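These features come from TrEMBL:
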| type | residues | note |
| --- | --- | --- |
| COMPBIAS | 304-318 | compositional bias 'Basic and acidic residues' |
| DOMAIN | 53-187 | domain 'AAA+ ATPase' |
| REGION | 251-273 | region 'Disordered' |
| REGION | 301-324 | region 'Disordered' |
Amino acid sequence: MQKMVLKNKVIDKEQAPAWDDVGGLFEAKRKLREIIDNSVKYSFLFKDNPKMLNSGILLYGPPGCGKTFLASAMAKDFKIISVKGPELLDKYIGSSEARVRELFEKAELNKPCVLFFDEFDALVPKRGSGATGVTDRIVNQFLCYLDGVEDTRTNIIMAASSRPDMIDKALLRPGRIDKSILCDYPNFEERLETLELYTKKLRADVVVEEDDLDLSVFAKLTEHYSYADLKGLVCNSQLKAIDRCIEQARNPEESKDAATESAQKNDDEEGIINTNNINEDKVYFKQEDILAAFEEMGSKAKKNTKEHVPFTPDDVKRQKQILM
């Protein structure tokens, strides 16, 4: 049997996003920063019960709502080992369990650290739900680790899931992964901050015409959009601005001399864009660009919102009750 190499990564502090780079998620960031402050600034208050401080954290919420990105921001304060849950699963008997043990051993060598599991529900579903029993044994390994010996207390387990209802309940009881933080769809203020943040991160040669761009209008129009939807909206808007710039290069101003117009005509006939006509300083990001992108993806984003399971408003309340 070929030995499988576990693909996980340590998130570098320099490459990790700053907290200010995480748009929206006001309440989730507040709770997570509170946990960090307890671990870094006030750890002496928990010296008699360190497991209370270092019990696990579950980030849950609809797809595309910043769970993974938010977790990576913790790398500014902690060393983070990140792994996607499905990467630990393997078809060979005993291989998946060996991967989990290998990951725990790596965490011990890097302690204190945060061990982050993305797509956690795929790794530790409710016991008895799998046909092979592999995930049952993985759940048992997690339980042993979370209830483990003294030297495991310096590490924090963090997980992200879009389906917390599928995770084995034994993992979520007090003393294990008992801190649950909802990363929900952004409200108006969070959408506005996110749109402002993304427009500031456009290419250096894309200029935002602030007088022509009222992002509050689109913050209102994008209700039920996820953070990924908002990022896609701004990226597509940037493409619209660049396309408009290219179109202007195809159709230069009529004031050009005859020789220039003749050269442009020949280029157009051959399907060639004269890049001399493209001025990088004049690639303006306008209201019309974001409106065109919104019209293209607006209905798609709303349709996807309806398909996000199980995060209707009523289901969010139900999930909170399950995790309490």
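Glycine is no exception: its Cβ is also placed from the backbone N, Cα and C atoms.
Looking just at the domain 'AAA+ ATPase' (53-187), the mean pLDDT is 85. Residue counts of the domain 'AAA+ ATPase' (53-187) by helix, strand and coil are 57 helix, 28 strand, 50 coil (DSSP-based).
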